[in-house]
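Chemist: Grabbed the feature section from TrEMBL, which reads as follows:
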type	residues	note
TRANSMEM	A:18-35	transmembrane segment
DOMAIN	A:53-165	domain 'Ferric oxidoreductase'
TRANSMEM	A:55-72	transmembrane segment
TRANSMEM	A:84-108	transmembrane segment
TRANSMEM	A:120-136	transmembrane segment
TRANSMEM	A:157-174	transmembrane segment
TRANSMEM	A:180-196	transmembrane segment
Amino acid sequence: MTRVIDAINRGARRVPTWVVYILYMLPVPYLLYLAQTGGLGREPIKALEHELGEIALQLLIIGLCVTPLRRFTGLNLLKFRRALGLLAFIYVVLHLTVWVVLDMSLLWGQMWADIWKRPYITVGMAGFLVLLPLAVTSNNASVRRLGAAGWRQLHKLTYLAVVLGGIHYLWLAKGFQLEPILYMAVILALLALRVVPKRR
Amino acid sequence: GLGLASIAGEARAQEALEPNSYEDITQYNNYYEFGTGKGDPARNAHTLTTEPWTVKIDGMVDRPGAYGFDDIMKAMTVEERLYRFRCVEAWSMVIPWNGFELADLLDMAGVQSSAKYVAFETALRPDEMPGVRFPVLDWPYVEGLRLDEAVHPLTIMATGIYGKDIPNQNGAPLRLVVPWKYGFKSIKSVVRITLTDKEPPTSWNKANAREYGFYSNVNPEVDHPRWSQATERPVGGGLFAGRIPTLMFNGYEEDVAELYAGMDLTANF
């Protein structure tokens, strides 16, 4: 097992991070193509919005896996964590853009009212705002400026952002639906792993 | 703002309705017994057996019993009705239904004078309905109308779309259509109709009473707690379809507003 992990770690060291960016941006043109050709169903706007939001949430969750994977299995994917976080932010921005432009047709009054009045939209918007300082400081210069400890402290906001994302999904579902519940369970489990006491 | 929107709304109410394509109507559905995705019903509903089909009509009627679908069709006059369809999720379509007035079916069974409400029930077939394995709702799906709503001439039992037999995903072989209410009131694949003197339970109200009232009339001024009902998106317009203002009683205000005269529509949502 350790030999497999070592092999993966050696391989991962050779993969440049831009590969992750390229691979994870491929769904964007693909989804746009599907939306235009009927692949997202008869009403592509909601479907596109949903797909982008779900990818964002998945990326945040994958980002949350990096630390426990290293701690419990020795698998080291730390070098990809910034890419995963920034990609998550990019997908959140795309999700938000589809909502503003395609879904809400720039009806600013209705959107503004919804952000304050509708809990799931309030929570989603809060999640976006929490991610904003994290995206802005996801560069080496910011790490230097904030100091490693301060930067780490700030980036613990990821935990808040992913929980807000999970609640956002849970809250928009009609009736008792399985998928958002599973996402939330995974998020809570990954957060719980962080309070497992360290072995001596 | 609001002024412009209401002018646009009135203009739209006047213009002739342009029906959605057969594909829009039959491939974008909410029928949770076959899955919660919009494409799930079209994919999964082929398993539903609709022949033979009987509708049990009971409660406060003179002639209770199991009415066979073919016998009902022999007695009814089927006509085309081009109706707006507004989902509570804020999307909409225009659908050319074929069907008969519910009032005629109720006459067949003979409604007694003590009856005040009509309760409806959808088939529950765990072997044919993959969606009922998960308790999204408390199955079977049930709905209800006040008797005066049920016998209103706009209220129909639909048996077809575009002149073809209604597809399973749209509620074969017969489903209710109440065009001035949110779509979920228009219960599909009806197996039972009960005349009663008490307001019957309804599925979405049971699931979340704060969000789904018994009446559920389309009303742009009374929002769903989690989203605005002021506007809607017509399905079938692609990525840039935009939104249009939602009309009071879905554009049927002139025909049905009197049913609710004197009622507080915010409390009776």
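Each residue's number is its place along the chain shown, starting with 1.
Quick reminder: no glycine exception, Cβ is built from N, Cα and C everywhere.
As the structure is a computational prediction, the values presented were derived from the model and not from experiment.
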Chemist: For the transmembrane segment (A:18-35), name the stretch out of A:55-72, A:84-108, A:120-136, A:157-174, A:180-196 with the most CB-CB pairs under 8 Å.
Modeler: A:84-108
Chemist: Under DSSP, the domain 'Ferric oxidoreductase' (A:53-165) has how many residues in helix, strand and coil?
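Modeler: So the counts come to 99 helix, 0 strand, 14 coil.
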Chemist: Over the span of the domain 'Ferric oxidoreductase' (A:53-165), how high is the average pLDDT in this prediction?
Modeler: 96
